[in-house]
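Data block below; observations after.
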Amino acid sequence: MHAAADGGLARIRVPGGRLTAPQLRGLAGAASAWGTGVIELTSRANVQVRGLGAGSAPAGRDGTAETSGRTGAADRFAARMAEAGLLPSPTHERVRNVLASPLTGCDAGGTLDAGPLVSELDRRLCARAALAGLPGRFLFALDDGRGDVAWLGPDAGILPTRADGAALILAGADSGLRVPVTSAVTALLAAAEAFLAEPAVREGRAWRIGELPGGAGRVAARVRATLETGAADPVRLRPPAERLRAGPPSAAGGPIGAVEQPDGRVALGVAVPLGRLTSAQAELLAALASGGEVRLTPWRGVVLPGLARAGLARTLTRLADAGLVTDAGSPWIGVTACTGRPGCAKSLADVRADAARATVSGPGIAPPVADSPRTGTLPVHWAGCERRCGRPRGRVADVVATGDGYRVDLDGRSLACADIEETTAVVTAARGET
Ligand code: SF4
């Protein structure tokens, strides 16, 4: 729970982005009961709910009424999350930041099913008391071999290079160490412990391996000393634009639309505009999840695995009617925004409202070309200040509020825009690469 400008903010970790349908339903109910009714999806495939206790009685001179209102809402919200099984370890809640390939086990895109590794990592992480001391920014990634989440800059991750062997990724790059898949979780925990052993971490001067000078090399050396590891030719982490040429339609890495499963069912990738899922949309996703599972993606979308092919057309219609996106050519694909006003006191604009206005009213956004899914959908990130929170990795058009409009930055060039109409025109041109 954090205090934000628009009330209490609860962040809930969802290792591997995996929720059961009842958990998503519980989250939707709690977000409506005590928050704004919106579930925000994060770039770590976690969720957050804002405005907890915001409707409580105004504070007296000592702030007592408002504070107790917020605390009461937060306590009830936390109790509901615990009931839903979403708070299994209060001591380790902040450190359960685990990405996994969202389509793992569904299609033929990976070398292995990373799902069991997610459960094993979460269980063993929570079982080690010392690892509760990891900084909350430390990020694990379990890539299934397709290279989607290994590319997202995890502190410690694995990227399988064959069915029984994996590269250990440290600080977002290949460490050069190779481990058997059966030892993958052991290697990740060893890397986390090696990081915690660094004096700068113990003294609170570093939160990520990449913040330590020579950090990846030092952590790799400690891991090598405690584990049997091999070495091999370096693996190259491929950015989304390169991977997408061979993969399914995608939003900067996240699946969009139907992906065939070997069992004849489909996994359905759904984009959520600006990563804001209303409670009604969440209820709908839970109802449609006939496979019983909803997977959140680090691209602020959702995957529904195991859907029957029959009835898919009806499912797509219901999702579209609810404002969710399953069309890889939608102008919403690749558009992200920070919190902005009113949730962030630093923001110079209501960036989400402006991003929505620019996206749905942008003149003539170029449609994607068949073998080049990125055309017309260059990622765009709207930010209320220079910090650009939540900016995706890779080539992105930045739209930054200046107090006098917006500034659009792309490829080292900047254009100042005085109002939203001018900003919309510049963003549209940038997305169409004109
Ligand atoms: S980028 Fe600035 S305005 Fe946006 S959430 Fe971060 S601090 Fe707030």
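In case you wondered, yes, glycine gets a Cβ from its N, Cα and C as well.
Where the annotation comes from TrEMBL, it is an automatic prediction and has not been curated.
What TrEMBL lists as domain 'Nitrite/Sulfite reductase ferredoxin-like' is 9-58 (among others).
Per-residue confidence over the domain 'Nitrite/Sulfite reductase ferredoxin-like' (260-320) averages 96 (mean pLDDT, predicted model). Annotation source TrEMBL lists domain 'Nitrite/Sulfite reductase ferredoxin-like' at 260-320 (among others).
For 52-71, the entry in TrEMBL reads region 'Disordered'.
DSSP labels the residues of the domain 'Nitrite/Sulfite reductase ferredoxin-like' (9-58) in these numbers: 17 helix, 17 strand, 16 coil. Helix, strand and coil residue tallies for the domain 'Nitrite/Sulfite reductase ferredoxin-like' (260-320), in that order: 22 helix, 21 strand, 18 coil [DSSP].
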